[in-house]
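The next block holds one structure in the form of structure tokens; read it before the comments.
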Amino acid sequence: MIFATLEHILTHISFSIISIVIIIHLMNLLVYEIEELRNSLEKGMIATFSSITGFLVTRWISSGHFPLSNLYESLIFLSWSLSIIHIILYIRNYKNDLNAITAPSAIFTQGFATSGLSTEMHQPAILVPALQSQWLMMHVSMMLLSYAALLCGSLLSVALIVITFQKKTDFFLKNKNFYSLRKSFFFGNMEYLNEKGSILKKTSLLSFKNFYKYQLIQHLDSWSYRVISLGFTFLTIGILSGAVWANEAWGSYWNWDPKETWAFITWTIFAIYLHTRKNSKLQDQVTNSAFVASIGFLLIWICYFGINLLGIGFHSYGSFQ
């Protein structure tokens with residue numbers, strides 16, 4: 001009873017804090033960037049991380065096993081994973097676009113776990129014999145950490161695609177003002193440039209906007225590649241550890257279970273992303289790789305939630321049913 005009450009308090013504290021963090025982040029983003037608000041945001045994420053950690057430790061002690069036995073616990077752990085990504089970047093003094101993704105993603109997952117699932121699913125589940133293994137912590141934690149990293153990296157790629165394909169992102173050579181300026185240089189007609197003095201001003205403004213968008217695209221691509229590479233590593237470890245665990249439990253490394261199949265498809269898609277991203281011979285490789293990563297975003301949700309909706313296969317223990 002004491003553990004249940006403590007878990008209830010910790011989940012509501014973490015959800016309340018991260019909700020305030022989101023409000024502060026929106027104020028800092030939409031109104032005016034204030035350093036004090038930014039510091040409050042980071043402290044709020046640390047408090048949220050501490051509360052979720054306290055919940056996981058409490059659930060671990062009360063249940064006697066690592067809290068990854070049902071969908072509710074896995075969602076809480078996913079929220080914890082998103083929080084730790086945010087905090088690690090903050091500790092290393094990285095100011096990047098992941099902050100705008102990790103905090104909302106954490107509140108979404110925790111909010112769904114707290115309010116979207118039935119009360120019965122909040123209770124710790126008794127592990128079936130096949131799950132009573134030390135591989136539970138290794139396999140499931142690696143998979144959820146990979147989901148968190150891959151989701152963040154994929155969302156950065158989606159943002160990159162949106163910015164790239166905006167109608168107003170036509171580069172210098174497609175702009176009429178830049179064409180006029182180019183014409184003046186090509187024909188050496190400096191008088192034309194003097195008569196059209198406003199062209200230089202307009203072109204400079206246009207060049208600045210395009211240069212800013214170019215820098216933003218490169219920044220998003222760089223961080224997307226880093227985070228997806230990390231998530232791909234976790235996913236590989238998770239799949240391999242799951243194969244070893246399956247061999248111990250069922251006598252076979254691979255059974256083409258629905259979740260195993262979709263995990264393999266997800267792994268293949270992100271392997272294609274990494275290959276496309278590293279292959280400099282491909283034209284527009286940034287956009288191509290971002291498109292592949294956006295496909296991976298959908299596959300992650302299918303792999304994580306879709307199989308739970310079906311409630312079939314060896315992984316149906318975490319289903320909604």
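Glycine is no exception: its Cβ is also placed from the backbone N, Cα and C atoms.
Given the structure is predicted, the values throughout are model-derived calculations rather than measurements.
Swiss-Prot lists 12-32, 45-62, 71-91, 98-117, 143-163, 227-247, 260-277, 292-312 with the feature transmembrane segment, giving sequence analysis as the kind of evidence.
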Can you see whether the transmembrane segment (71-91) and the transmembrane segment (143-163) are touching - at least 3 CB pairs under 8 angstroms, only pairs 6 or more apart in sequence? yes
So if I exclude everything within five residues of the ends of the transmembrane segment (227-247), which remaining residues of that chain have a CB under 8 angstroms from its CBs? That is, six or more out. 85, 98, 133, 135-136, 138-140, 142-143, 145-154, 156-157, 253-255, 260, 263-264, 266-267, 270-271, 273-274, 293, 296, 314
Do any residues, 6 or more residues outside the transmembrane segment (143-163), come within under 8 Å Cβ-to-Cβ of it, and if so which ones? 68, 74, 77-78, 81-82, 85, 97-98, 101-102, 105, 169, 213, 216-217, 220-221, 223-228, 230-235, 238-239, 242, 263, 266, 270, 286-287, 289-291, 293-294, 296-297, 300, 304
